[in-house]
Amino acid sequence: MELSITGTNAITYPVMHVWDWRVAIYLFLGGLSGGLMTMSAINYLRPGRKGPLQGVCCWQIPVLAPILLSIGLIFLGLDLERKLHGYLFYTTFKPFSPMSWGAWIVLIIFPVMICYALAALPDEVKGGIKNNFVKNMADAMAPHLAFLAKLNVVFGILLSIYTGILLSTFVARPLWNTAILPLLFLASGMSTGAAVMIIVAKSKEVKLFFTKLDIWLILGEVLILA
């Protein structure tokens, strides 16, 4: 049992270095950020939406997503043994390396998240912004809200799934080394994002929509784990 789950035992690998709570926080916040990106964009793009976009789900969630991802990356950086070597990921791109893909996705995802958050700001919020550059950027992004929402769906899915792809290639851990692990990461990230939308939404219609969606996502997680 020990060998099949961890891929190690006291004879073959007497010392096993494991991740601590800092990596766990990054994995959670990264998945949550991807889920929030996708769910807030789905809330804008979904057919049958009633009424104007306003409130927490429409602009505060897009603002929150990059903040949570930044916090997660700080914890990931604290876990690195050679913290100053992180920039080496961006000196090359290796198309067959999941970690290289992940590093570049995280880099590209920030401007996508920030542009969408700026585009989603309502006029009353933009009116209170003192920085002219930020206000002008928000005005420039607003006409592209639908396109940015679609980009957020794509990159939110990539952010949620890439860590699962990375871990699934780790043959030293047979329990991880499976093609369904990325799907589990994706489903759990989307489910967590939907759960936050349910909690913060003020509209009953929005709560009902994401409750139904989250039920399907949870069922998907159960099927993946079965």
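Cβ coordinates come from backbone N, Cα and C, glycine included.
Annotation source TrEMBL lists transmembrane segment at 23-45 (among others).
The transmembrane segment annotation in TrEMBL covers 57-78 (among others).
For 98-121 (among others), the entry in TrEMBL reads transmembrane segment.
Counting only same-chain residues 6+ beyond the ends of the transmembrane segment (142-167), those with a CB under 8 A from a CB of the stretch are 27, 30-31, 33-42, 44-45, 62, 69, 98-99, 101-102, 105-106, 108-109, 112-113, 115-116, 118-121, 173, 176, 181-186, 188-190, 193. Residues annotated as transmembrane segment in TrEMBL: 142-167 (among others).
Annotation comment: TrEMBL describes 179-201 (among others) as transmembrane segment.
Within the chain, the transmembrane segment (179-201) has long-range Cβ neighbours (under 8 A, six or more residues past its boundaries) at 28, 30-32, 34-40, 43, 55-57, 60-61, 156-157, 159-165, 167-168, 207, 210-211, 213-214, 217-218, 220-221, 224-225.
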